[in-house]
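A.B. asks: The structure follows.
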Amino acid sequence: MGNAVAREDFEWVYTDQPHADRRKEILAKHPEIKALMKPDHNLIWVVVLMVLAQLTAFYLVKDLDWKWVVFWAYVFGSCISHSMTLAIHEISHNSAFGNSKAMWNRWFGIFANLPLGLPYSISFKRYHMDHHRYLGGDGIDVDIPTNFEGWFFCTRFRKFIWIVLQPFFYAIRPLCINPKPITRLEIINLLAQLSFDVVIYYLWGAKSIFYMLAGSVLGLGLHPISGHFIAEHYMFLKGHETYSYYGPLNLLTFNVGYHNEHHDFPNIPGKSLPLVKKIAAEYYDNLPQYNSWIRVLYDFVMDDTISPYSRMKRQLKGEVKQD
């Protein structure tokens, strides 16, 4: 089922991530980019509409045959669920209400989390900030696969299974790599989610709950949008740590494909990242980039030189401050 790849460890690097230096250089040359560092209030209404759309879907599937529940969970529910996780990504950067109202963003993230079925928003924010500060940091950045993932998922068939199981690995990886004490907000996130799930079950039954949970799991696994998990930081070209995607699925994902731009300017909402690329085109046009997340998934499975080990990793020095 495919030959084992040659890589047997991560790509250890001993330089700082490139984003901070490039940010300073771009701002020195294009100070007008600072005007984009403001919240995107339209995100609030988009998220509200997405929650209402899923509530409508929960109601509509309650009396369907199971085959149609599964069909709509993949065709519609998976897309909106994955899109919502990326709305939560935006909210984790305080893009909805701004940095001055950080707690408003936390509460709004819990609200956005509701149609996903599983508590996610608060924990994601804590770990995602580490990903930006300490990109590739050993024992800190939980976006980096575990050694077991790199060792075991080393053939074409196993890499395919790894893609299918992405939600599982993203859920357990923090517990293996960088466990943190549970916070009050995480408990609130959990209780709010359980309460919402109980209400949906009481109102509309098991099919609505299945649609909600299946949509989230399927959307984060073998799905075109899930190509972004691999496209963002897996080293298809040696020496390049972050890659942008400029294809049409950015319309569903709050421009998360503009990933070099996002890591350079994490305080600029996704809506404005195309403007960053346009203003500072000389910095981004010649970087490696993608136009198809489906092709990324295909190449990841079929290229025997690529595996979960294809990530840059750093041994951090000095004081490490985590959320």
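In case you wondered, yes, glycine gets a Cβ from its N, Cα and C as well.
Remember, predicted model here, so these are calculated numbers, not experimental data.
Pasting the feature list from TrEMBL:
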- 5-43: domain 'Sphingolipid delta4-desaturase N-terminal' (DOMAIN)
- 43-61: transmembrane segment (TRANSMEM)
- 68-87: transmembrane segment (TRANSMEM)
- 107-124: transmembrane segment (TRANSMEM)
- 187-204: transmembrane segment (TRANSMEM)
- 210-231: transmembrane segment (TRANSMEM)
A.B. asks: Cβ pairs under 8 Å with the transmembrane segment (210-231): which stretch of 43-61, 107-124, 187-204 has the most?
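C.D. replies: Stretch with the highest Cβ contact count: 107-124.
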A.B. asks: So, by DSSP, how many helix, strand and coil residues make up the domain 'Sphingolipid delta4-desaturase N-terminal' (5-43)?
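C.D. replies: Per-class counts: 19 helix, 2 strand, 18 coil.
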